[in-house]
Each structure stands twice: as C-alpha cells, then as structure tokens.
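Step one of this worksheet: look at the structure below.
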Amino acid sequence: MKDSYISIVIAYLMVTFILVSSMPIEGEKGELGPHRLPCPPGYENYCFNGKCVHVVAQDEPGKPCYSCICDEFYIGERCGTLDLTNPGYFLKG
C-alpha cells in the first residue's frame with residue numbers, strides 16, 4: 001500500500017513538472033507584462049541575441065535594471081552564449 005502511494009505521488013509530481021516546464025514564461029512569447037517595459041533608445045544592442053527589457057520591479061534608486069529575453073537557443077545575462085545543450089538547435093533545419 002505504501003509503495004503504491006509513493007508511486008502515485010511520484011507520477012503526480014512528474015506530470016506537474018512536465019506541465020509547468022512547458023508553459024511559457026510571462027513575457028517570453030507575448031506581452032512584456034506589468035513590470036517590464038521596453039528599454040529606452042540607445043539600448044537596441046544591449047542584448048547580443050535577444051530583446052532588451054527594463055525590469056521596473058528590480059530598479060534601484062538612480063540605477064534602472066535592464067535584462068534580456070533571449071532568442072531561441074541563446075542563454076546568458078546578455079544572450080551571448082549559444083545553448084548547445086538544447087536538442088532543438090540540432091533539429092532546426
């Protein structure tokens with residue numbers, strides 16, 4: 001009985017993880033969201049392979065916080081690293 005309960009819990013957690021990990025992050029594919037604004041002019045090239053956003057919630061006094069939403073297959077603070085661990089990169093034709 002205990003083993004079947006553990007198996008059910010593990011299966012539930014696995015399904016939940018798969019469902020949650022497949023959901024797009026808010027702002028990743030659609031709207032920027034209420035706490036993200038487009039970066040000001042002059043920051044067009046801030047992100048090497050992605051889109052610059054102003055993260056208002058992370059601002060410090062006198063120091064705005066800029067971040068990047070990386071293009072597909074790129075990772076890193078400014079999207080400068082090609083993610084070769086992503087299997088989709090090799091399947092893209």
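Keep in mind that glycine also has a Cβ here, set from the backbone N, Cα and C atoms.
These features come from Swiss-Prot:
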SIGNAL    1-30  signal peptide
DISULFID  Cys39-Cys52  disulfide bond
DOMAIN    43-80  domain 'EGF-like'
DISULFID  Cys47-Cys68  disulfide bond
DISULFID  Cys70-Cys79  disulfide bond
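Cα distances from Cys52 (disulfide bond) to the disulfide-bonded residues Cys68, Cys70, Cys79 are smallest for Cys68.
A C-beta separation below 8 Å, combined with a sequence spacing of at least six in one chain, links Cys47 (disulfide bond) to Cys68, Ile69, Cys70, Arg78, Cys79.
Neighbour list (Cys39 (disulfide bond), Cβ cut-off 8 Å, at least 6 residues apart, same chain): Tyr46, Cys52, Val53, His54, Tyr66.
Around Cys52 (disulfide bond), taking its Cβ as the centre, 18 other Cβ atoms fall within 10 Å, counting all chains. Along the domain 'EGF-like' (43-80), the predicted structure has mean pLDDT 95.
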